[in-house]
Amino acid sequence: MANLLRVLMVAEKPSIALSIASVLSHGQMSTRRGSTEVHEFDGMFRGFKAHYRVTSVIGHVFSVDFPEKYQNWATIDPQDLFDAPIIKKESNPKAHICRHLSNEARGCSYMVLWLDCDREGENICFEVIESTGFDMKDSKRKVYRARFSSVTEKDISKAMDNLVEPNRDEALAVDARQEIDLKVGVAFSRFQTSYFQGKYQNLDCRVISYGPCQTPTLGFCVQRYMHINTFKPEKFWALRPYIRKDGYELQLEWERRRLFDLEAATVFQKLVVEGRTAKVMDVSEKQEVKGRPAGLNTVNLLKVASSALGFGPQTAMHLAERLYTQGFISYPRTESTAYPSSFDFTDTLRAQVSNPVWGGYVQRLLSDGFHMPKSGTDAGDHPPITPMRAATEVMVGGDAWRLYQYVCQHFLGTVSPNCKYIRTKVELSIGGETFHCTGQRVTEKGFTAIMPWSAVDEKKLPSFLKGERIEVLRVELYEGNTAPPDYLTESELISLMEKHGIGTDASIAVHINNIGERNYVQVQSGRKMVPTALGITLIRGYQCIDPDLCLPDIRSFIEQQITLVAKGQADHSHVVQHVIQQFRRKFSYFVQQIEHMDALFEAQFSPLADSGRALSKCGKCLRYMKHITAVPPRLFCGTCEEVYYLPQKGTVKLYKELTCPLDNFELVIYSVPGPEGKSFPLCPYCYNSPPFEGIDTLFGASKTPNAPAKTKTGAGMPCSLCPHPTCQHSVRNQGVCACPECEGTLVLDPVSFPKWKLNCNLCSCIVLLPEGAHRITTTSNRCPECDSAIIEIDFNKKTTPLENGATLHQGCVLCDELLLSLVEVKHGRSFVRRGGRGRGRGRGRGRGGRRGSKSVDPKMSFRDF
């Protein structure tokens, strides 16, 4: 291998790396583990013997963010974010992708990039180049780009034979979009969230976000809601005469359709009734054609998935990406509906002959001759979404199978004949008024044979002769009301986004998903997008202050500018600077006029001062704070006008009127119901503003069960994480031993009587203690073998396991034979004694301290805890 060229190849996902390596090595490769797997084999590269390493990233290597100094909501004015620098940091630091790429690139003379062939993929190309130390200008270490639309052997081999250079302009277009979306979105979101947090009781204000794409998307939903809400129905009347012909009773359609004047409609009804017979004025037959579909692009796939299959856009894209990485369909992100001239339809059809559902149909297409698809739009990116190899439901799974089935049927429809049918129209005259009836008869099913949902509805008509007269059976005067449109469906919303240039084929699903996750809309039956009170109020607020903020025009303009960057027709930095300047001015005006939006919020939501019940005392003013139970649950001090967020999905009660030694706030006890639910005390102030540095770094407080969202108030720190030495509820005084499952500490649940238990302060592990004991407490003594806290149990005299009816016992839950036999571990591994020491990897031994009784600085960094 010493004399071989070394070639590094990087794909976007591990599964694609495996497919590429399998094809190019003909299955003769070795695989070793790394941050992502590395497949190695020998082969030829550009006429020379080479040793290949094929590995992958897992999406974007880097994400954009603000430097640390701009992360503090309390000290940074959102206005400053427009001028703030941005940094790129590893998207997934724990995966160590940068280090992995750097290591694998050592000694390699060439690198071939197999990232997805869209703008995002092009951007990742340059992230990989940066991580590996390759340089586009270095002639000794060459970088190539493989362009492919599927992970089939044919496409991979073709891409390998036609390597190109990465497109920096497309990568810069993504950089521009990321910077614009970050600065605009975060500035508006921080200001809105900070302004409205703590003002209203029934407002879910954890994050009130704004997004240049997200907000216009919401705007479409609210616009339809407003149309429905302001719609005023009108009565109308229509004539409906009935005739009988050859045993068929037919209702005739009035040429005037309907009238909004009852008196006029009544006059026409009288004329028709007096006419008595209908005279056939004309009988016409016309050959009609329903054209086969063009190729399937992403937007149309998402629309069909929502309207016909019941999948949301996000789910549909996940399924499509999975089918793509497994090699069943071509790349699912494309704007094109036109196939390239080089597309091999015959091979693609042959791959489907074996399918038990439509294999026979495919065989007939090949035997009789298939039709070339009708011309569509060539966006210059990827071919339409196409099946690449045969699959069965067992191979791909239920939901993925339904999506795959549609992709196959759509493709087969594009190469099938058109649907042909004869449309018959009969015009009749009654009392001087013209009516008609129509019928349809299919002569050639064409593509509708494989796409039955697109079939023409057949309607049989009896035969009519021009000039014949037919008796009128009756004439109804139908009364109806005009109806408002329904709520937007996901499919209709996708169409509007595409029409107005909101998002791309790669991001439309994300924007729709976001407005649902933010509780701005709810997806109801029929995949209808119904805006919530919060979503409606937000859009109405933008409309009052600056309608541009929720209209699609600005985002459409931004997308156009970004496209110019991608084509090399505009400078990346100039576009970013121009757009940021526009939004900076709009932000300043928005801040000045925020009272207009607040007035709408006040009309819709209840002020905190008028809500909730008194629960615990504020440590600052010593007045009672009100408990707001609406999501997100919180305490509100009307005197200090401060809000303190509480854990969710549980109950909160006052805890024996005890106070925190750090800030004098009254403690509350949080409990999760159920036999395996947890309880822990917390100080409202400490929970929102942890007083010890590094609490979130050490314990991942943002991941603590039921911790509040990351806002300017900080992450959640209950007493079970607090190391304060003098607080009787802290982990130092209530912690017993290390958790057997994680790096946490098992803490005595203070209100678990009579079903006593220890709860891990980080994970879901629970240790059940002897049930029915009168009292269980921790002591200041430690186990000499494992340094865990000694607990004291006062057993019930009727059920005591102690000899001679004794009830009081002290011991270590890990080392005491009696206690070890009485405890049970839930959601974790059992304690195992090894050399006299209990099992567990928790930080700190026993109650979180090191051996000995050193005093602990309450301002410590937690690094030594």
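Even glycines carry a Cβ here, placed using N, Cα and C.
Going by Swiss-Prot, these are the annotated features:
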type	residues	note
ACT_SITE	Tyr331	active site, O-(5'-phospho-DNA)-tyrosine intermediate
BINDING	Glu12, Asp116	Mg(2+) 1 binding site
BINDING	Asp116, Asp118	Mg(2+) 2 binding site
COMPBIAS	833-853	compositional bias 'Basic residues'
COMPBIAS	854-865	compositional bias 'Basic and acidic residues'
DOMAIN	6-151	domain 'Toprim'
REGION	209-214	region 'Interaction with DNA'
REGION	833-865	region 'Disordered'
SITE	Trp73	site 'Interaction with DNA'
SITE	Arg190	site 'Interaction with DNA'
SITE	Gln197	site 'Interaction with DNA'
SITE	Arg333	site 'Interaction with DNA'
Least surrounded among the recorded positions, given as Trp73, Tyr331, when other CB atoms within 10 Å are counted: Trp73
For the recorded sites Arg190, Arg333, the one whose C-beta sees the most other C-beta atoms within 10 angstroms: Arg333
C-alpha spacing of Arg333 (site 'Interaction with DNA') relative to Asp118 (Mg(2+) 2 binding site), in angstrom: 8
Fewest-neighbour residue among binding-site residues, criterion Cβ within 10 Å, set Glu12, Asp116, Asp118: Asp118
Nearest of the recorded positions (Trp73, Asp116, Tyr331) to Arg190 (site 'Interaction with DNA'), judged by Cα-Cα distance: Trp73
The domain 'Toprim' (6-151) - residue tally per DSSP class, helix then strand then coil: 46 helix, 43 strand, 57 coil
Nearest-integer angstrom distance between the alpha carbons (Cα) of Arg333 (site 'Interaction with DNA') and Glu12 (Mg(2+) 1 binding site): 14
Overall pLDDT for the domain 'Toprim' (6-151), taken as the rounded mean: 92
Collapsed DSSP category at Gln197 (site 'Interaction with DNA'): coil
Cα-to-Cα gap, Tyr331 (active site, O-(5'-phospho-DNA)-tyrosine intermediate) vs Asp116 (Mg(2+) 1 binding site), nearest whole Å: 8
Within the region 'Interaction with DNA' (209-214), residues counted as helix, strand or coil by DSSP: 1 helix, 0 strand, 5 coil
Gln197 (site 'Interaction with DNA') and Trp73 (site 'Interaction with DNA'), distance between Cα atoms, whole Å: 13
Gln197 (site 'Interaction with DNA'): tally of other CB atoms within 10 A of its CB: 21
Cα-Cα distance linking Gln197 (site 'Interaction with DNA') and Asp116 (Mg(2+) 1 binding site), given in Å to the nearest integer: 41
